[in-house]
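According to TrEMBL, the protein has these features:
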BINDING   A:Asp42, A:Asp86, A:Asp206  Mg(2+) 3 binding site
BINDING   A:Asp42, A:Thr56, A:Asp86  Mg(2+) 4 binding site
BINDING   A:Asp58, A:Asp134  Mg(2+) 1 binding site
BINDING   A:Asp58, A:Asp86  Mg(2+) 2 binding site
BINDING   A:His65, A:Glu258, A:Tyr319  substrate binding site
BINDING   A:Gly133, A:Asp134, A:Arg159, A:Thr208  ATP binding site
BINDING   A:Asp209  Mg(2+) 5 binding site
DOMAIN    A:40-151  domain 'PurM-like N-terminal'
Protein chains: 2
Amino acid sequence: MTPFSHSLAQSVGSLNETTLISCIHNWLGRATPPPPAGIGDDCAVLPAVQGSPLLTIDPVVYGKHFDDSLPPEQVAAKLLKRNLSDIAAMGGRPHAAVLGLMLSANLSMTWLERFFEGLKVSSLTYKTHIVGGDICSAEGRTFAATLTLYGEASRPVQRLGGQPGDRVAVTGHLGGSLLGKHAAFIPRLTEGQWLAARPEVKAMMDLTDGLAKDLPAMLPPQACARLDTASVPLDEAAGRMAERSGQSPLYHACCDGEDYELLVILDGQADLSPLLEAWSRDFDLPLTLIGKFADASPETDGHLTDAANGNILFPRGGYQHLSGQ
Amino acid sequence: MTPFSHSLAQSVGSLNETTLISCIHNWLGRATPPPPAGIGDDCAVLPAVQGSPLLTIDPVVYGKHFDDSLPPEQVAAKLLKRNLSDIAAMGGRPHAAVLGLMLSANLSMTWLERFFEGLKVSSLTYKTHIVGGDICSAEGRTFAATLTLYGEASRPVQRLGGQPGDRVAVTGHLGGSLLGKHAAFIPRLTEGQWLAARPEVKAMMDLTDGLAKDLPAMLPPQACARLDTASVPLDEAAGRMAERSGQSPLYHACCDGEDYELLVILDGQADLSPLLEAWSRDFDLPLTLIGKFADASPETDGHLTDAANGNILFPRGGYQHLSGQ
């Protein structure tokens, strides 16, 4: 469904700002509390939290993060879940979000209502209030939504903290997200909180740009990441992408991005059996050991390498945001 | 100065994302702390606050909030200060901000560097760390920056809370902001905190859309706002605007928007002399009584009226965001 309408009467351009905000208020329903905790005051007043406050920001933009093929409800869900995945990667819990909208006058009211229906359902599902926002007009065919998510973590787990000798694990299956998972993924909030409570966990991030780019981002200086390529849990979509592209399924698992699985660095000095057994009891989702951090040579410093032969894997792999490749 | 460059080598399109983020990191300098408190992790980890946490979001967009005539440093300052003004209106203190950028490949690196220089200076001035963000590419000639500001207030003062009989006051001078103040204003943080600590203050907001729209937004049901039109503190720019437009200076003071002064509702039961005297001792900026809230007739319900004759003032006045008028 396209976000834009040829009929002015069915477009946001037919409304004034107060009316549009009133519509949004109605569409969000229970997902927004009364002011000052919700929409309607200069700032949203948030509840005080026990742990460390967390803040993250991510957008969805028409033509970049979605197109006419994605239902508006899923566009909204993707927007919230991209941010939730960042909270998950710190081992945190979400609380509240504010939304910045840029939209052209020809944006369809039907599309926008369905977008907010999706945002309501997703925010109720993930216990995240929508507490405020801003709307501004734009030219052409524009829908850009920027969401800022506020949360907390008892122990915020960072990206950095791993050392040579530490083990690398990943949740779920990787690759081929463009075939559906990029919009239908589940942010690993429960799993992230569970992992943050384990002392064996030294660092985490969520896989948004692919192993080939994200795992090197977790390395300390003078280290490399050795990947046991045979152990990488391939999504069946990685295989389908490989049939189309002529690349290997492993290439897609390492370079596609938008898996939104957790990449976890585990203490190499610890016996990991109790953690892995406890995980299996608590979750159906796999947690797979896929490699380790090691001291690097000048050639392998900062790189993802194949543990079997030491070769650098996909040196320019992973999603490049500015070029969109 | 235009944000866009004809030379690819001098545009952001010549860089990959990692390099651009590294530039931004350098440009911001002391305005961004090391991760996880600053740029570089999945979420920014914020310091715990004593009072109520506050969250607000506002953008600046090329062609809408600024054009080639505004220096890039002032674009950045305006972005931060628009959000600071919302914190000021709740009587709060700012702490940290995240920045979402949408930019086209032809955005000039020189312009962007000067934008971040302005953001650094402003955020150091107002003690606000830039702790994270997101960059995404856009088509055409695009620069859109959305800033989310996190703060706290000991006593968050809301927009609503005034009753018939309460007095209306405003800081500073109003009108003609387009002639300069829209970018050069000072967010009234100190004044907002001072006012929030006074029991006579029942409600506040910042004047962004003009008295004609913002004062009615503070009214309880079945009430109107009576304006002593002669007492409205006119900015000299309101007079200059009136010479151009043929409207009255009062029209510009009520309908121009972007004054970013505080609109304050004071308890009508209280003796206000001690507050006004204490204000005069502490600030050079005027705090002017300009009217009161009163019971409304069905005709005047929810309106701004002229205290002299009861007529409704500028019924469609104030800035309309979607139409840009």
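The backbone N, Cα and C atoms fix where each Cβ goes, glycine too.
Projection of TrEMBL feature records onto the structure.
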{"residue": "A:Asp42", "record": "Mg(2+) 3 binding site", "DSSP (3 states)": "coil"}
{"residue": "A:Thr56", "record": "Mg(2+) 4 binding site", "DSSP (3 states)": "strand"}
{"residue": "A:His65", "record": "substrate binding site", "DSSP (3 states)": "coil"}
{"residue": "A:Asp86", "record": "Mg(2+) 3 binding site", "DSSP (3 states)": "helix"}
{"residue": "A:Gly133", "record": "ATP binding site", "DSSP (3 states)": "strand"}
{"residue": "A:Asp206", "record": "Mg(2+) 3 binding site", "DSSP (3 states)": "strand"}
{"residue": "A:Glu258", "record": "substrate binding site", "DSSP (3 states)": "coil"}
Problem - Entries of A:Thr56, A:Asp58, A:His65, A:Asp86, A:Asp206, A:Asp209 which, being binding-site residues, have CA atoms within 10 angstroms of A:Arg159 (ATP binding site) - result: A:Asp206
Practice task
Find, among the binding-site residues listed as A:Asp42, A:Asp134, the one whose Cβ has the highest number of other Cβ atoms within 10 Å in the structure shown.
Solution key: A:Asp42
Problem - Interface-adjacent binding-site residues, chosen from A:Asp58, A:Gly133, A:Arg159, A:Thr208, A:Asp209, A:Glu258 when a CB lies under 8 A of chain B - result: A:Asp58, A:Gly133, A:Arg159
Problem - For A:Glu258 (substrate binding site), the number of other Cβ atoms found within 10 Å of its own Cβ - result: 20
Completion exercise
Neighbouring CB atoms within 10 angstroms of the CB of A:Gly133 (ATP binding site), all protein chains considered, total 23
Fill in the blank from the handout: So A:Asp58 (Mg(2+) 1 binding site), by the Cβ count within 10 Å over all chains shown, scores 25
Completion exercise
Cβ-Cβ distance under 8 Å, sequence separation of 6 or more, same chain as A:Asp86 (Mg(2+) 3 binding site); the residues meeting this, in order, are A:Thr56, A:Asp58, A:Leu149, A:Asp206
Exercise for the section: Sort out for me which one of A:Asp206, A:Asp209 has the most neighbouring CB atoms within 10 A, since those are the binding-site residues we care about. Expected result: A:Asp206
Handout entry: Integer mean pLDDT for the domain 'PurM-like N-terminal' (A:40-151)
Key = 96
Practice task
Output the one of A:Thr56, A:Thr208 that, of all these binding-site residues, has the highest number of other Cβ atoms within 10 Å of its Cβ.
Solution key: A:Thr56
Completion exercise
Smallest Cα-Cα separation from A:Asp42 (Mg(2+) 3 binding site) among the binding-site residues A:His65, A:Gly133, A:Thr208, A:Asp209, A:Glu258 is shown by A:Gly133
Fill in the blank from the handout: Among the binding-site residues listed as A:His65, A:Asp134, A:Glu258, within 10 angstroms of A:Thr208 (ATP binding site) by C-alpha we get A:Glu258
Practice task
Out of A:His65, A:Asp209, A:Glu258, point to the one nearest A:Gly133 (ATP binding site) in space (Cα versus Cα); all of them are binding-site residues in the record.
Solution key: A:His65
Fill in the blank from the handout: Taking every pair from A:Gly133, A:Asp134, A:Arg159, A:Thr208 (the record's ATP binders), the biggest C-alpha distance in Å rounds to 31
